[in-house]
Amino acid sequence: MATEKSAVFIIFGGSGDLAHRKLYPALYRLFKAGMLKDHFAVIGTARRPWSNEYFRQTVITSLEDFDDDKRMMENFAMHFYYQSHDVNDSDHYIALKQLASKLDDRFDTEHNRVYYMAIAPRFFGTVAAHIKSEGLKTDGYNRLVIEKPFGRDLNSACDLNDALSKAFTEEEIYRIDHYLGKKMVQEIPNLRKKNPKFDEILNNKYVSNIQVTLGESLGVEDRGGYYETAGALRDMVQNHIMQILGVVAMDEPDVMDAKSIHDIKEKLFASLKDLTPDEVSKKFVRGQYDTDEMGKLNPYRKEDKVEEDSNIETFAAGKIEFDNERWSNVPFYVRSGKRMPKKSSRIDIVFNEKVADLGIRANTIVTLFIEPDEGSSILINGIDYREVKQNLIKYPEDPEIFDNAREAYESLIIDILAGDKANFTLWEELKSTWKYIDVIRKQWDEESPKFPNYLSNTMGPDTADTLLEKDGNSWIWN
Ligand code: NAD
């Protein structure tokens, strides 16, 4: 059985989409696994004046995908409480503190607190400041969980971090990048460790290039308002793609603990090869989707809450390089786009001819599939295709529950409860990646792109192909 954990969760934005779609189902799985059992409570806070009963009904509704005994869901929901709350009202924090303290006694939660920011980013600083000023922090642990986006450039990220640091130590802050919660991404360090030969050839002697694609088939759907303030570079490259690069490209730590992993990742991001403004157009390209071939789908500019002349990119691709011993001269090609032909997150590692010296076929390609497929494949000389379907991670404590259906959010909540920060983003890493991304963003903001420039259901603009062709390379997934 899983080890039971104790905590009061305070979910700011408890009536919202993230809470209902991701957090409550994830908590429910932990409940079923026995990791959350008798000693936990969840306070949902939001502006609406909901009762506990109504809130619990919404929680049960969020579990509709589970084909479970209603009683189990009701037992779970009995741990949920609702507190109507305005983020700017100090009195509300005092009420929240009293309720949390009462639940501490009722559920014997050892005064542990998880403060979860499932709320708009503009409120993160205010909420953190009030948690401190109104004395919500306890003598148990106090862990602050922050959703993306963490700033929109280096300056705003620094401001946000300064604000949070006044109330929480870096040790107490858990910045979510849900790609770090995905099974296959978490498996990469294990794959490397378990296969020393693979790790041995992961360097500039044997690797021709590495490609990371986070492709989505959907458009912006109903998130046009948010997307207009973000774009693919901020929404996907600065955080998810950079963090995946971190896991693939980092040196192997001597010990697999959070501190060693972060020390090594921090060093890696500090070695990102500087990008000058005039290199941006040579190394990065952007795109915006048009309708599809049949003219049926909306172009981005016709989507709800999107400006008719919007220059926001729905596709970004680039060539990222590191200036370090292991990776200098190896291009890391990255891309992320909406309305690509299918959803696929994958990493393609293309080896050169020198691997033949080690008895491996020249130009072998190893692909790591992150989602929706999970596993890896090896493509040798374009002919011999061997697929290795893996049953990747099993949670030793409860294999049945934690097998394939385990979701990124569950895995990350388990880490938060265990105080394990290996799969969260630290501030120094973020600082380096924002600094890098800012150069691109600034340059792009100064130039008017010719948008739209790719049809829906295609692989993005032609310039994304040219980017690799200039180096004599091509995208493996095409
Ligand atoms: P949402 O709009 O569905 O929910 C926002 C919540 O904040 C609601 O509960 C609302 O009542 C509450 N709220 C708004 N103003 C408030 C105020 N003044 N005082 C107190 N509560 C207030 O948003 P969401 O999609 O759930 O996103 C929440 C956060 O998670 C955002 O930071 C978002 O960027 C991030 N995020 C969401 C997703 C997702 O899948 N929805 C994915 C990644 C990150």
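The backbone N, Cα and C atoms fix where each Cβ goes, and this holds for glycine too.
Annotation comment: TrEMBL describes R47, D86, V87, K148 as NADP(+) binding site. Classification of R47 (NADP(+) binding site) by DSSP places it in coil, neither helical nor stranded. R47 (NADP(+) binding site): 12 other CB atoms within 10 A of its CB, across all protein chains.
In the three-state DSSP scheme, H178 (substrate binding site) is classed as helix. The feature substrate binding site is assigned by TrEMBL to H178, K182, E216, D235, K338, K343.
Sequence annotations record features per position, and here TrEMBL assigns domain 'Glucose-6-phosphate dehydrogenase C-terminal' to 191-475.
If you look up TrEMBL, you'll see H240 marked as active site, proton acceptor. Summarising the environment of H240 (active site, proton acceptor), the number of other Cβ atoms within 10 Å of its Cβ, over all protein chains shown, is 23.
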With K182 (substrate binding site) as the reference Cα, tell me which of the recorded positions R47, D86, V87, K148, H240 is the closest one.
H240
Could you tell me the mean pLDDT the prediction assigns to the domain 'Glucose-6-phosphate dehydrogenase C-terminal' (191-475)?
89
Within 10 Å of H240 (active site, proton acceptor) (Cα basis), scanning binding-site residues R47, D86, V87, E216, K338, K343, I find none
Roughly how many angstrom lie between the C-alpha atoms of D235 (substrate binding site) and K148 (NADP(+) binding site)?
9
Closest to K338 (substrate binding site): which of the binding-site residues R47, D86, V87, K148, going by Cα position?
K148
C-alpha of K148 (NADP(+) binding site) to C-alpha of K343 (substrate binding site): distance in Å?
21
Among D86, E216, D235, the binding-site residues in question, whose Cβ has the most other Cβ atoms within 10 Å in this structure?
D235
Rank the binding-site residues K182, K338, K343 by how many other Cβ atoms lie within 10 Å of each Cβ and give me the one with the fewest.
K343
